[in-house]
Every structure is written in structure tokens, then in C-alpha cells.
Amino acid sequence: MTLDVGPEDELPDWAAAKEFYQKYDPKDIIGRGVSSVVRRCVHRATGDEFAVKIMEVSAERLSLEQLEEVRDATRREMHILRQVAGHPHIITLIDSYESSSFMFLVFDLMRKGELFDYLTEKVALSEKETRSIMRSLLEAVSFLHANNIVHRDLKPENILLDDNMQIRLSDFGFSCHLEAGEKLRELCGTPGYLAPEILKCSMDETHPGYGKEVDLWACGVILFTLLAGSPPFWHRRQILMLRMIMEGQYQFTSPEWDDRSNTVKDLISKLLQVDPEARLTAEQALQHPFFERCEGSQPWNLTPRQRFRVAVWTILAAGRVALSSHRLRPLTKNALLRDPYALRPVRRLIDNCAFRLYGHWVKKGEQQNRAALFQHQPPRLFPIAATELEGDSGAITEDEATLVRS
């Protein structure tokens with residue numbers, strides 16, 4: 001998807017990025033970050049397409065302290081990406097260049113874009129599709145943790161899709177190495193995906209800190225969001241949303257959960273454990289029944305004639321199943337008037353019509369607020385204190401601050 005170009009998106013001149021331009025030809029903009037622009041680029045020698053993340057690190061836009069922070073964070077990201085290179089579900093760093101004013105990171109081109117955009121288009125995903133995505137994500141997280149790396153910013157915007165709808169985990173700007181027994185105290189990430197221990201750590205100087213478990217909490221939030229189309233923790237006042245996170249307050253009450261299995265709800269509940277010690281690890285999550293495949297018995301030794309007969313009966317049975325599934329069930333007027341959204345075919349019709357009419361998702365229940373997906377602040381470091389947290393109408397009151405601390 002090509003994005004509009006603004007004045008701040010102008011390409012670096014040849015002199016400032018000669019080494020990059022000699023090898024790659026930058027094209028249209030396909031994404032933007034807080035301090036970067038992502039463009040499609042073409043390798044001049046081979047014609048292969050890639051994605052290049054361009055970050056301006058000039059004194060004109062950043063202070064000396066900010067410049068050093070950006071450079072250090074980018075170098076740390078590059079080091080981690082090289083360490084985890086080769087994993088099928090982690091983005092591959094192809095090339096990197098650094099000049100006095102710009103830094104360039106060249107990655108694989110993921111043509112399907114962000115999982116966030118895909119979810120916005122689909123509204124909610126099926127359990128089958130969610131199972132495939134979450135298995136790949138947990139495998140990537142397990143690999144990171146095995147290498148003593150914590151990501152700290154897992155969310156649909158940082159999960160990319162290739163042509164085959166396979167995921168790649170990206171944006172390792174907040175990632176860091178974490179040795180056994182070591183704890184972190186830095187507050188970073190996106191509010192809706194922050195684990196309770198991160199918030200508590202920022203409010204209590206005596207808190208021991210947090211570890212790799214924060215990534216599994218974020219996985220639980222992502223799993224919930226993919227199936228419901230809206231996040232588990234949301235309130236129009238951010239201070240109350242943070243309290244919901246710290247207390248683990250979420251519900252399976254929206255209409256989408258009527259069709260979801262108890263197995264996936266159980267997995268979500270074990271990932272969204274407020275106590276990090278009780279939370280599943282990535283390896284344990286992958287062993288959950290939600291990811292189990294039905295293993296058949298030993299293959300039969302059939303003659304060619306027997307195999308042919310089995311194939312014929314299978315085709316006939318599949319045809320009957322397909323035919324019966326397309327037959328409309330009787331629909332009474334009273335049932336339609338009483339609760340049209342409870343009927344799955346009508347529900348999909350309502351969703352599709354609403355999306356085409358308004359161009360965005362439409363709220364259908366009191367517990368739903370898909371707008372929360374679009375209201376998350378960019379990843380950043382932000383202190384949480386009574387004098388600094390804000391709601392939708394200004395600074396929070398002392399009573400609200402007490403709610404969070406309690």
C-alpha cells in the first residue's frame with residue numbers, strides 16, 4: 001500500500017547517502033514510524049525488491065542527546081536482528097548503511113503489510129486463521145527468549161504478512177538482552193499491550209521489576225484482539241484502562257465470543273494472568289490444546305482398487321456436506337426482529353454493509369470499542385505519575401490516581 005508523501009518524507013540527497021543509492025533505487029512510501037519512513041526499494045543489480053527503513057539523525061531535527069539515543073537504539077536493534085537472523089517468523093535484516101545524517105535498514109519486503117491492517121479489513125479472524133498466526137508468533141517469541149532477548153513491543157502493527165500470509169515479527173527498537181534472573185524497570189511499549197508488572201514497576205520503587213513474561217501478556221492481548229476484533233482492555237480514560245490492566249479485568253461478552261471455543265478462551269485466560277509467575281511461557285503456550293493437531297492412526301495398507309473406492313466415497317460425501325451447508329435454515333420474523341445480530345449470516349451481512357457504508361468498523365455492543373485499536377499512542381517511554389497521566393479531558397484527579405495505586 002502506497003502512502004501519500006509529505007514534506008518530511010523527502011529522500012536524502014545523493015551526497016548524504018551515496019553508498020545506499022549506489023546499490024538500491026528507493027521507490028514509493030509503504031509505511032511510517034515515529035521517527036522513520038519505510039520505502040519500497042529495488043536492488044539495482046538484481047532487480048529484487050526490498051523495504052528500507054530510513055531514519056534522519058541530523059542535528060537540525062534532534063538534540064544531541066536524542067541523536068545519541070536514536071543511534072544507540074538502532075545499533076542495538078541491528079545487533080539483535082543479526083543474532084536472530086534465519087528464523088522463519090522474524091524479519092530479516094538484509095543490509096544497513098549509516099551516514100552523518102541518515103541511517104538505512106534494508107529488510108525483506110512484506111507485501112501484505114501489517115497484521116493490524118489485515119485485521120481492520122477482516123474485523124475479526126476465525127479460530128483456524130488465528131491458530132496459524134499465533135503458533136508462528138509464539139514460535140518466534142520462544143526463539144527470542146531462548147536467546148535471552150525480550151521484545152517488549154508485541155502488537156499487530158509489528159507483525160508483518162508475506163504473500164503466503166505467513167507472519168514475520170518486526171520492530172525490535174525496544175528489544176534488549178536479558179540474562180537469567182535479571183529484571184528490567186524501564187517503562188516502554190504501547191499502553192493497551194503493557195503487562196501489569198510494567199505498570200506496577202513504574203509506580204512502586206520497591207517493585208522487583210519485570211522479565212520476559214511481558215511478551216506473553218502481549219501475546220494474550222493479541223490473541224483476544226484477533227478473535228474479537230477489539231482489545232480486551234479499553235476505557236475512554238486511560239487511567240482507568242491502566243487499572244483494568246493491572247487487575248486483569250476483561251470479559252468474553254461481545255457477540256463474537258458466542259462462536260468461540262472454550263479451549264481458546266482457556267488459553268487467553270492463562271496468558272492474561274496478572275501474576276507473571278502463573279503466566280504460561282511461550283513453550284507452554286505452544287503445548288496448549290488450542291494448538292494440538294488431530295493425529296490420525298497408522299495409514300492403512302489399501303490396494304489400488306480400495307483406494308479408488310475410498311476416494312469416490314470421499315468426494316460424494318464432501319459434495320453432500322457442501323450442498324447441505326449452502327441450504328438456508330428457516331428464519332422466522334420474530335427471531336430476526338428480536339436480535340438480528342445473534343444470527344451469524346445476518347451478523348456478517350450487517351458487518352459488511354456497515355463497513356462499506358461508513359468505511360470503518362461499527363460498534364455493536366456496550367463492551368466493544370474497536371476504536372481503541374486506533375487510539376493507541378506510538379511506542380515511547382512515558383512516566384506514569386499522578387501529575388502526568390491524562391485522560392480524555394485533561395489531567396487526572398487525585399481520586400483517579402488513587403484508583404491506580406490501590
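Easy rule for this one: first residue shown is 1, then count along the chain.
Glycine is no exception: its Cβ is also placed from the backbone N, Cα and C atoms.
What Swiss-Prot records for the ATP site is I30, G31, R32, G33, V34, S35, S36, V37, V38, and among K18, K23, K53 the residue it adds there is K53. For the domain 'Protein kinase' (24-291), the model gives a mean pLDDT of 94. With respect to their backbone Cα atoms, I30 (ATP binding site) and D153 (active site, proton acceptor) stand 21 Å from each other. Here the C-alpha separation of R32 (ATP binding site) and D153 (active site, proton acceptor) works out to 16 Å. Fewest other C-beta atoms within 10 angstroms, among the binding-site residues I30, V34, V38, are seen around V34.
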